[in-house]
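Record features, source Swiss-Prot:
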- 111-147: disulfide bond (DISULFID)
- 125-134: disulfide bond (DISULFID)
- 1-24: signal peptide (SIGNAL)
């Protein structure tokens, strides 16, 4: 991506070159002026390179983020170390969120197998976007006839 900086640099070099030739034979040129002019041009080129490399790095990082998104979608996902850090906090938040939505729920020993299957193995209770569905399913399970038998 060489956008507007490349023509600007070319134009600057043309202007500097034309200004140097314009003096011609009227004034004798000293080598120090030529060195100063060359040093100035080199500094300008370095500034432009820094500016373009910063833009290029930003674009590379953006591209890398998109590539990671595709990799995660393909099932590669983040490294196992990152998963270990995320899961415990997520489980606590899941529990708090579901208790907030459902209130205190009681499941009889007969019903605990159904509860564990629902809570740990369904999409609704494992993906945070579906926690409201999970809360609805858990409350329906708690008041179902199978789970209400031991309460009476």
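Including glycine, each Cβ sits where the backbone N, Cα and C put it.
Feature map: annotations from Swiss-Prot on the structure.
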residue	record	Cβ within 10 Å
111	disulfide bond	20
125	disulfide bond	20
134	disulfide bond	23
147	disulfide bond	20
Cα of residue 111 (disulfide bond) to Cα of residue 125 (disulfide bond), in Å and rounded, measures 17
Would you kindly give the Cα-Cα distance separating residue 147 (disulfide bond) and residue 125 (disulfide bond), rounded to the nearest Å?
-> 19
